[in-house]
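Trainee: Straight from TrEMBL, here's the annotation block:
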{"type": "REGION", "residues": "1-93", "note": "region 'Disordered'"}
{"type": "COMPBIAS", "residues": "59-73", "note": "compositional bias 'Basic residues'"}
{"type": "DOMAIN", "residues": "130-344", "note": "domain 'Peptidase M24'"}
{"type": "BINDING", "residues": "His198, His306", "note": "substrate binding site"}
{"type": "BINDING", "residues": "Asp218, Asp229, Glu426", "note": "divalent metal cation 1 binding site"}
{"type": "BINDING", "residues": "Asp229, His298, Glu331, Glu426", "note": "divalent metal cation 2 binding site"}
Amino acid sequence: MAAQAPTAELGQLSVEDGGSKPKPDAAAASNGNLNHDSDDSEDEAEDAAPAAATGAAEKKKKKKKKSKKKKKNSPTQQSDPPRVLISQLFPNNTYPTGEEVEYVSENRYRTTNEEKRHLDNLKSEWLSDYRHAAEVHRQTRQWAHKNVKPGHTLMEIANGIEDSVRALVGHQGLEEGDALTAGMGFPTGLSINHCAAHYTPNAGNKMVLQQDDVIKIDFGVHVNGNIIDSAFTMAFNPRYDPLLEAVKAATNAGIREAGIDARVGEIGGVIQEVMESYEVEIDGTTYPVKTIRNLNGHSILPYNIHGTKSVPIVKSNDNTKMEEGDVFAIETFGSTGEGKVREEGEVSHYAKRTDAPKVDLRLNSAKSLLNVITKNFGTLPWCRRYLDRLGQDKYLLGLNNLVANGIVESYPPLVDKKGSYTAQFEHTILIRPTVKEVISRGDDY
């Protein structure tokens, strides 16, 4: 989820029918007792009777034996759409590791240092939660890569992604407080073309994805408040490939530079240099790819998507250092426009402020809504669709009052010049004591 720079789920198991009987052999019947000669003695028939009776008794015994029930196997692969719990696919909390990168130079010792390894082990539950959330994100976006196509509405895309996330973590978020255990880390951003960030459909939105659109898909997954923030861009016309390549390369450059003691201003300089070495030709006109200078990466805190540190994506004099234990979202944005965004359009994204003031609210609707927000989302970002699915209605007056009183922060869509195209790529990295882990890394990006 973008930070603005400050101004100034199995194949069905087939079970064999153990109760079916073999059909009689027709040839054996035609050659049996029915075809014996008439001069056969009755003694032979009498001798045969006990044997037949014994055979019948044995058959009854066999019939009484019940076939053993087969144990259901645990699922070993994901369904389409994703509905199998990640915790079932990876039992005992053994979730896949992200991309681990060893530190270099004066921090190289950390990889094998016993003290640092001990510190790593102390945070095993935290690391397990992060890897759990990351795998949910990977499998959900794998589905998105295959299924998001022109002709789908943004509402269908958003619901498809969010239904998958909730199913994979096993928390639908409809009971009070359930969404705070695990689920969406923030709403699914589906920002198109010149809109760079913070757009998701509100109720009634009928916008349809078009063949010539460039769409940024930015969504968060959390487990126990540990948030994975990762985004990617899709385009269906190859003419936009250089734009996407530029932004992906810039993001990877930023990830490469990140680490303990790295200065964020210097990281921004590397990002900008890589980004602006690209250009893209659209309809015969060549456009330089510009870094969107007033958007930043950011640190992540528990239940707080925008932490206290920013990672600029242009060169700056910010000497803030990355430190052991930090979590960062390294995200970059490129544009064929002005390289600067402004707020414009209907708001969909909101979050309760971590430093929300205590205000004597006079509107009952605002008081009631604040209670719903606090109990269901805490300080996690949410959107108006999330209130709708909780059964809330006629809440806009109260919502606007909470925003006006500084209790809830609104995040309007961020747009560049109309007619321009923007792209975004983003990963979450953990600055662990022993290694840097690009926790959200996958085969896709």
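Here the Cβ of each residue, glycine as well, is placed from N, Cα and C on the backbone.
Whatever TrEMBL says is automated annotation, not expert-curated.
In terms of burial and nearby residues, how do these features look in this structure?
Mentor: All chains included, 23 other C-beta atoms sit within 10 angstroms of the C-beta of His306 (substrate binding site).
Close to Glu426 (divalent metal cation 1 binding site) in the fold, though at least 6 residues off in sequence, lie Asp218, Asp229, Ser230, Ala231, Phe232, Thr251, Gly297, Ala329, Ile330, Glu331, Thr332, each with a CB less than 8 Å from its CB.
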Trainee: Give the number of CB atoms, excluding that of Asp229 (divalent metal cation 1 binding site) itself, located within 10 Å of its CB.
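Mentor: Asp229 (divalent metal cation 1 binding site): 30 neighbouring Cβ atoms within 10 Å.
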Trainee: Distance between His306 (substrate binding site) and His298 (divalent metal cation 2 binding site) at the Cα atoms, whole Å?
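Mentor: Answer for this pair: 6 Å between alpha carbons.
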Trainee: Validating a neighbour-count step here. Other CB atoms within 10 A of the CB of Asp218 (divalent metal cation 1 binding site): how many?
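Mentor: Counting Cβ neighbours of Asp218 (divalent metal cation 1 binding site) within 10 Å gives 27.
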